[in-house]
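Chemist: Copying in the features that TrEMBL gives for the protein in this structure:
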DOMAIN    8-89  domain 'GST N-terminal'
DOMAIN    95-227  domain 'GST C-terminal'
């Protein structure tokens with residue numbers, strides 16, 4: 001993978017099960033950026049000195065270290081990578097209106113969508129879980145409509161190529177599969193979210209995603225360990 005002209009070293013601090021670290025890994029792969037990946041091996045119990053030093057505010061992965069600069073927050077990292085390493089594959093659209101659309105839906109994912117996923121995952125019993133599932137389904141329906149409008153018949157939100165919204169939405173693939181396994185409810189279904197269902201299959205199989213995304217079984221085992229299930 002090629003570096004930019006400065007030959008400045010690039011490192012990424014992440015953890016294999018983090019849906020947010022996945023975003024950074026996909027962006028770096030798409031832009032062919034040579035980098036060192038540093039795994040936070042025991043993130044559930046302790047955090048490395050490097051992580052705490054590099055992200056002293058939140059102390060969370062991912063962190064991109066570019067020379068002596070630390071870039072935090074996954075969507076911020078994706079935009080930084082896109083702007084710092086120009087290539088034929090642009091992650092953010094060229095038109096300002098399309099960029100605004102992409103940022104809106106990326107923030108929708110990190111706001112309303114993840115909030116509804118966390119609510120279902122944290123429900124204390126089946127009755128509460130089913131009550132909260134309706135809100136998640138509504139948010140997924142909104143995302144389905146956005147996909148139908150923006151994909152223009154292509155496999156991804158960006159059409160034929162993975163773009164900013166795809167990378168943002170890709171972070172929900174693992175959490176959704178976990179709550180489907182624990183709740184027995186299918187949230188991505190051919191009758192309600194046919195576009196997202198097909199999108200998820202194409203996203204997982206993409207050469208910039210497949211090497212970094214854990215399997216559904218691996219996500220489930222991690223969740224059991226995290227929540228002592």
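Using N, Cα and C of the backbone, Cβ positions are placed for all residues, glycine too.
Where the annotation comes from TrEMBL, it is an automatic prediction and has not been curated.
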Chemist: In the predicted model, what is the mean pLDDT computed over the domain 'GST C-terminal' (95-227)?
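Modeler: 94, rounded to a whole number.
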Chemist: Using DSSP, what's the helix, strand and coil tally for the domain 'GST C-terminal' (95-227)?
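Modeler: Counting residues per DSSP class in the domain 'GST C-terminal' (95-227), I get 93 helix, 2 strand, 38 coil.
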Chemist: If you run through the domain 'GST N-terminal' (8-89) with DSSP, how many residues end up as helix, strand and coil?
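Modeler: Tallied per class, the domain 'GST N-terminal' (8-89) gives 29 helix, 17 strand, 36 coil.
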